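All remarks here apply to the structure that follows.
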Amino acid sequence: MACFSNLGLTLLLLVVVLGSSSAKLSTNFYSKSCPNLLSTVKSTVTSAINKEPRMGASLLRLFFHDCFVNGCDGSLLLDNTSSFTGEKNANPNRNSARGFDVVDNIKSAVENVCSGVVSCADILAIAARDSVEILGGLTWNVKLGRRDARTASQSAANNGIPPPTSNLNQLISRFNALGLSARDLVALSGSHTIGQARCTSFRARIYNESNIDSSFAQTRQRSCPRATGSGANNLAPLDIQTPTSFDNNYFKNLVNNRGLLHSDQQLFNGGSTDSIVRGYSNNPSSFNSDFASAMIKMGDISPLTGSQGEIRKNCRRVN
């Protein structure tokens, strides 16, 4: 009897420990603690996008770049401190990650309606969803309950975010390592239907690659000189057709060899993902549905929950 009791106690303790360390995200996490959260975030995101439509892509990209580095924990938002060098100046983010001031505005608005309750990591997740919807994409129910990291890592950002020079195998491998399938990879890459890229990230493609539409390459060459160091920060839309509308034209561009980045065109280049790209190019509802599912999946990457991390008062620094 004593042996059974000890076993029962051990199992009970195990359940308690596991329960506390693997708290689940949920779509109604703040329904009681911050009932006006979603409307507060959306109004601030709407205002920012109305001022500058490109901001929607920038906010969406922040969520990607946060989740791909040690999980969706708001670490990307942290400024450097004496104890760590943050992610903002890592190669994938330097001179390109933007929208931090908008996140500050959202956090300030949220703090006004429920102070000390909502994490910066969750704000990124909601703002990404709202940006897609505002620019014409599908909406979805965002799972919430993440907490904020107390540290960040420039080296992890340098290694964790696939560069635009990646080939298909490298892309599939990196996404697989995070629990994302090849279909998730293609769907999430469809976020490049909005936003812009710097000349330095596509120069080699428009001058050196053969799997590119010649007229498209010539158009891009006009604002992106061949010489390294010249016009490096000049911008071009990732989707030449509808750069501020969330639609499936990105995939139509790939089918016509008009992917701006090397990594974009790798998705349609005689490889295993060609059929997925062609399917999305013909069926926008299929793309929208898969994109929403993949965003929910990406939002599940290694979140801090329960008693892990903290709820930052200021998204740029630990409490």
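For all residues, glycine too, the Cβ spot is worked out from N, Cα and C.
His65 (active site, proton acceptor) has a Cβ environment of 22 other Cβ atoms inside 10 Å. Positions annotated as active site, proton acceptor by TrEMBL: His65.
Sequence annotations record features per position, and here TrEMBL assigns Ca(2+) 1 binding site to Asp66, Val69, Gly71, Asp73, Ser75, Glu87.
The substrate binding site feature in TrEMBL is assigned to Pro162.
If you look up TrEMBL, you'll see His192 marked as heme b binding site. Spatially close to His192 (heme b binding site) yet at least six residues away along the chain are Leu238, Asp239, Tyr250, Leu260, Leu261, Asp264, judged by Cβ distances under 8 angstroms.
Annotation comment: TrEMBL describes Thr193, Asp239, Thr242, Asp247 as Ca(2+) 2 binding site. Of all the Cβ atoms in the protein chains shown, 19 others lie within 10 Å of the Cβ of Asp247 (Ca(2+) 2 binding site).
The Cβ of Cys34 (disulfide bond) lies under 8 Å from the Cβ of Val110, Val113, Cys114, Val117, Val118, each on the same chain and at least six residues away in sequence. The disulfide bond annotation in TrEMBL covers Cys34-Cys114 (among others).
Using a 10 Å radius centred on the Cβ of Cys67 (disulfide bond) and all shown protein chains, the other Cβ atoms total 30. What TrEMBL records for Cys67-Cys72 (among others) is disulfide bond.
Less than 8 angstroms from the CB of Cys315 (disulfide bond) sit Gly74, Leu77, Leu78, Phe100, Val103, Asp104, Lys107, Cys120, Ile123, Asp148, each of them six or more residues away in the same chain. As annotated by TrEMBL, disulfide bond applies to Cys120-Cys315 (among others).
Positions annotated as disulfide bond by TrEMBL: Cys199-Cys224 (among others).
Every protein chain shown contributes to the tally, and the Cβ of Arg61 (site 'Transition state stabilizer') ends up with 23 other Cβ atoms within 10 Å. Sequence annotations record features per position, and here TrEMBL assigns site 'Transition state stabilizer' to Arg61.
In the set Arg61, His65, Gly71, Glu87, Cys199, none of the recorded positions has a C-alpha within 10 Å of the C-alpha of Thr242 (Ca(2+) 2 binding site).
Using a 10 Å Cα-Cα cut-off from Glu87 (Ca(2+) 1 binding site), the recorded positions that qualify among His65, Pro162, Thr193, Cys224 are His65. Sequence-distant contacts of Ser75 (Ca(2+) 1 binding site), defined as residues of its own chain at least six apart whose C-beta falls under 8 angstroms from its C-beta, comprise Asp66, Val69, Gly86, Glu87, Asp148, Ala149, Thr151, Ala152, Ser153. Rounded to a whole value, the Cα-Cα separation of Arg61 (site 'Transition state stabilizer') and Cys199 (disulfide bond) is 18 Å.
Across the fold, the C-alpha of Cys67 (disulfide bond) and the C-alpha of Asp73 (Ca(2+) 1 binding site) stand 7 Å from each other. With Asp247 (Ca(2+) 2 binding site) as the anchor, the candidate recorded positions are His65, Gly71, Cys199, Cys224, and the one with the nearest CA is His65. Taking all protein chains in view, 27 other C-beta atoms sit within 10 angstroms of the C-beta of Asp239 (Ca(2+) 2 binding site).
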